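According to TrEMBL:
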DOMAIN    C:337-577  domain 'ABC transporter'
TRANSMEM  C:41-60  transmembrane segment
TRANSMEM  C:67-83  transmembrane segment
TRANSMEM  C:89-112  transmembrane segment
TRANSMEM  C:119-142  transmembrane segment
TRANSMEM  C:162-181  transmembrane segment
TRANSMEM  C:201-228  transmembrane segment
TRANSMEM  C:234-253  transmembrane segment
TRANSMEM  C:260-277  transmembrane segment
TRANSMEM  C:283-308  transmembrane segment
Amino acid sequence: MSFIKINSLTSGYSNTVIIRNIDIEVNEGEVLCLLGRNGVGKTTLLKTIMGLLPTLDGECFVMDRKVSGLKPYQIANLRVSYAPQDMGIFPDLSVGKNLKVGYRGSTSNFEEGCEEAFVHFPILKERLTQRAGTLSGGEKKMLILSRCIVNQPRLLILDEITEGVQPSIIDKFSDALNDIKKKGTTILLVEQNVSFAEKVADFYAVMNQGEIVAMDQMGRGSKQKIESYLVI
Amino acid sequence: MSLSILSVVLLNIVTSIAIFFVIAVGLAVIFGLMDVVNLAHGEFVMLGAYAAFITSQLGLNPWLSFVIAPVIVAIFGLFIEKILIRHLYGKIMESILATWGLGIILRQVIELIFGKDYKIAPYPVEQTVNVFGAGYPVYRLLIVVLALVIVALLWYLERKTNVGVTVRAVIQNPNLSSALGININRVYSISFVVGSALAGLAGAIIAPLVSVHSGMGINYVMNGFLTVLVGGMGSLFGLVGSASLLGGSESVFSFFFDPVWGSIAVILITIVFMRFKKTSI
Amino acid sequence: MNLTRSLLKSNPSRNLVLIILILLLLPTVSTDYFSSLVGKAIIFAIFAISLDLAWGYGGILSLGHSVFFGLGAYAFTITSLNIGTPFGIFLGIVLGVFVPIIIAALVSSFVFFSKTSPFYIGVVTLSLALLAEKMVIRFSSFTGGQNGLSGVPEFPFYGVPLYYFILLIFVLVVVVSSILVKSDMGKIIMGVRENEERMQFLGFSTPLVRTMIFCLSGSLAGFAGILYASFDGFVSPSLVGFTLGTQVIVWVAIGGRGNIVGAVIGALLINILSPYFNEYFPYVWQSILGLFFIITVVFFPKGIYSFIDKSRKSAVKYDVTVKPQEVKILNSKSNILNINNLGVSFGKLSILKDLSLKINTGELQCIIGPNGAGKTTLINAITGRNNPTNGTVVIDSSSIEKERPETIVDKGIARTFQSTNIVGNLTVAENLQLATANGKFQSFYQNTKEIHLSPSTDKLLKLSRLEEKMTLLASELAHGDQQLLELCMAIALEPKVLLLDEPTAGLTGLERKEIGKILIHLAHEDNISILVIEHDIDFVKEIADRVTVLYDGTIAADGTVDQITQSDLVKKVYLGGH
């Protein structure tokens with residue numbers, strides 16, 4: 001049985017249907033990357049899985065459990081970590097407290113998790129007491145990913161985690177993701193950056209106008225194929 | 001003006017600020033966190049005052065009312081949250097109206113049980129201290145101390161504990177908090193209970209100063225609403241500031257003119273302040 | 001049995017006639033005590049109508065409406081007692097109406113002209129009621145303090161019992177207010193209640209509309225106060241106080257807000273029943289009313305009248321007439337809108353940085369760019385939704401960067417919103433009628449059944465097939481049709497510049513094609529400058545004369561579709577490559 005199973009999912013905002021009849025399956029420990037141009041419904045799909053948007057039709061299972069209809073916090077408590085694209089941090093809380101929001105393990109585990117994250121993003125350690133709102137765009141993304149690392153998830157959902165990150169630092173993100181992957185964590189990510197996706201993903205799916213138009217294993221030649229869908 | 005009068009006036013200003021603050025703080029907790037306006041807050045304060053009255057009627061130590069009142073009103077708040085407030089999250093107009101109706105019921109039920117007459121709750125301390133030759137009630141000073149304790153406690157909770165992290169996260173971004181595993185409805189109901197307990201405590205605190213009756217709430221709590229409006233939400237020190245502005249002006253105007261001018265001043269300051277405030281609620 | 005059956009069957013006006021007939025015949029069969037009770041109930045019904053106008057129709061929750069009622073009563077009483085002649089009575093009536101208007105206008109000028117919430121309005125009005133009660137007691141030399149004033153003169157209608165006079169006034173008030181809420185102005189008032197933002201961007205000064213209805217409501221409440229003082233012969237502080245303010249809300253809410261008959265039924269029923277129940281079940285009755293109020297508010301917001309009145313809003317036919325085509329002087333490609341060094345920041349966060357952009361007449365320009373680039377912020381800054389921090393926006397040589405939205409609409413800039421923004425509980429035709437009003441106050445008594453549209457709006461209406469759905473409520477339309485309706489409303493404003501925020505979001509491919517054709521037509525044939533924010537690049541390719549790429553608050557590229565799609569920079573920005 002697959003780790004994530006999505007059957008003909010339809011969703012959107014109030015009476016606006018944004019995504020239609022999405023079918024996805026991901027096995028445990030695999031990484032699936034969703035690609036597509038702006039506004040094709042990638043974020044909507046992630047938000048629907050997380051329970052942040054209502055499922056209009058179809059259903060979604062995570063670890064054989066039906067999550068459609070559950071509240072976001074119930075889904076998060078199945079050890080699902082979610083990194084939203086916009087407003088993923090609490091700007092008025094310090095960096096340290098941002099890492100702590102929603103954490104429910106022991107203090108020593110928390111500190112261990114933090115150290116694990118700081119291996120990849122040492123700058124955050126220096127800024128622990130700084131207000132998160134004062135971080136640069138790239139540092140905010142590091143903070144969001146670190147919070148996911150701290151929570152030791154079984155499923156990680158990332159929405160454009162590399163958006164606005166300088167090319168020189170982007171490798172740290174892929175290193176961090178590959179570390180998470182080694183622990184057997186399943187990852188579902190939305191990306192605009194095809195080379196990054198190539199580095200971390202096992203499979204890719206391309207979306208257009210609310211539907212999945214291509215899905216395949218990531219490999220040689222995938223990049224060209226994906227870019228042919230994205231080109232403007 | 002002699003030194004003794006001046007110091008009494010100053011002390012009155014300070015106690016007035018403290019009273020404004022203790023009444024407003026429970027309201028601010030609920031409004032700041034949940035976007036629910038509890039228009040029955042005054043009646044919750046009134047329940048706290050009745051709890052203080054009952055405490056003394058039972059022959060218990062009046063000091064106990066500072067525990068009994070918040071506990072009773074918190075339990076009542078828990079019940080109300082379950083049957084009513086839960087349906088009103090995020091619906092500001094409905095919450096105003098429904099809690100308004102709740103206030104009507106509470107006033108009627110209390111009058112049915114306790115009658116129309118005014119009740120007296122005893123002072124826990126009756127001594128006065130000598131301030132430059134004038135006697136000043138120790139109890140009024142105690143209110144200031146209590147208000148400071150509440151400020152310190154809330155500040156500690158907010159800044160130094162995990163509870164504070166959770167609460168501030170929920171205020172800043174409920175959706176993200178939920179996605180990070182926080183059950184926001186539980187946070188809401190706990191904060192409603194805490195807000196209710198603070199209302200009960202405020203009732204016990206002001207009970208000895210006033211005559212306790214079913215209609216007392218609305219007059220006191222009006223100032224609480226205005227304080228919350230001016231102070232904005234989610235900021236403890238904003239609330240202290242607005243309590244100082246409004247409570248201070250009220251007692252100054254009451255001293256130099258009379259209490260009605262005090263009330264007029266509070267309302268006018270609020271309206272003018274809100275008109276020119278950049279961001280408002 | 002017959003009576004209830006006809007009540008259940010009938011429509012609002014029949015219900016009213018029935019109520020009035022009963023009230024008319026009542027004094028011939030009832031005791032004096034009961035007639036006087038009913039007389040007061042009728043006055044309170046007028047008071048309830050006044051609150052219903054402000055709250056039910058205008059959306060202004062006044063928790064202290066008793067202020068206006070009491071002020072009317074006191075102003076009338078004090079004047080007529082002190083002057084004592086028929087002139088004094090006349091002057092009293094005038095003051096009793098105008099003092100509340102002045103207070104309502106003062107409150108409005110503070111409350112409606114800043115960003116407001118129902119909480120703020122409620123708290124301010126409630127505090128006024130508490131204050132008024134204190135002041136009446138404090139300034140007892142005028143008001144008689146706690147004891148009140150007695151011996152208030154009756155109206156000088158010798159021979160006609162006051163009861164009938166009050167009934168006559170009541171009938172007049174019901175008729176006049178029913179005409180008002182159905183009039184063209186009534187639709188504007190309801191539009192502001194339902195969707196203040198849309199009304200603002202249709203060019204209406206919404207604070208002014210609210211002030212108008214609040215003053216009107218205040219004066220009617222004051223007038224009810226005059227009647228009460230005269231009928232009862234006695235005024236006391238409770239008439240301004242918060243208890244009466246509470247009660248009137250309960251009557252209107254239980255009866256049915258946003259409905260004249262509902263308010264009347266609530267006020268009459270509760271005021272006639274209350275004395276009896278209060279006598280036999282003193283506190284229980286009030287508690288039950290409170291409980292009933294809560295249940296109504298939470299579960300049946302339209303009150304008990306919604307159970308009696310089963311008549312659906314009948315589908316009113318509107319005639320569409322088309323204005324003659326204006327002959328426009330085409331000086332092609334001239335600048336119409338100039339944006340210079342525009343900056344928008346919220347606190348430390350700057351969204352737009354020194355952005356300069358020119359918009360040409362008759363050009364269809366698309367703005368693309370990643371999320372958070374500042375596309376919507378740009379439209380908001382142009383239309384006055386968020387005034388820019390620095391820079392200028394100039395249309396036809398007048399600067400608009402500091403203006404309010406309605407003024408900017410008046411200068412010829414119309415917009416749509418990302419999430420559709422229409423007045424849901426009005427019909428398609430009524431929505432269009434609001435747009436054709438061009439932000440001007442309309443008739444207070446006429447209910448026009450004609451919409452005068454510009455030729456391009458009429459064309460769009462036909463193309464979009466909305467023409468066949470004119471009598472539907474806007475909220476009943478499918479999402480695509482709602483988008484089209486909003487577009488029609490924006491075009492009906494006959495703008496020079498049209499700003500569209502993702503007009504095709506959530507539409508099917510076919511619908512997109514249709515909208516695309518219409519937009520091209522509007523720009524090229526009707527010479528409207530159009531700026532479209534769009535995500536769908538295929539759609540942009542189809543329609544755009546010029547494409548602007550916005551990235552991180554500045555313009556990354558600007559040019560024709562071909563120039564843009566071949567630019568490496570744009571590919572990077574748009575695909576997120578680094």
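Note: Cβ is positioned from N, Cα and C throughout, glycine not excepted.
In TrEMBL, annotation is done automatically, which means it is predicted and not curated.
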Given the transmembrane segment (C:201-228), which of the listed stretches C:41-60, C:89-112, C:162-181, C:283-308 has the most Cβ pairs that are under 8 Å apart from it?
C:89-112
Please identify the stretch among C:41-60, C:67-83, C:89-112, C:119-142, C:283-308 with the greatest number of Cβ pairs below 8 Å relative to the transmembrane segment (C:260-277).
C:41-60
Taking contact to mean 3 or more CB pairs closer than 8 A (sequence separation of 6 or more), are the transmembrane segment (C:119-142) and the transmembrane segment (C:67-83) in contact?
yes
Chain residues outside the transmembrane segment (C:89-112) and at least six past its termini with a C-beta under 8 angstroms from it
67-68, 71-73, 75-80, 83, 120-121, 124-125, 128, 153, 155-156, 206-207, 210-211, 214-215, 217-219, 221-223, 225-226
Can you work out which residues elsewhere in the same chain, 6+ from the ends of the transmembrane segment (C:283-308), have a Cβ less than 8 Å from its Cβ atoms?
7-8, 15, 249-250, 252-259, 261-262, 265-266, 270, 274, 277
Per the Cβ filter (under 8 Å) with a sequence gap of at least 6 from its ends, the transmembrane segment (C:162-181) is approached by 13, 16, 20, 23-24, 27, 35-36, 38-39, 42-43, 45-46, 49, 53, 57, 154-155, 189-190, 220, 227, 230-231, 260, 264, 444-445, 447
Taking a Cβ cut-off under 8 Å, which residues six or more beyond the ends of the transmembrane segment (C:67-83) line up next to it in the same chain?
47, 50, 89, 91-93, 95-97, 99-100, 103-104, 125, 128-129, 132, 136, 142-143, 149, 151-153, 217-219, 221-226, 228-230, 235, 237, 239-241, 244-245, 248
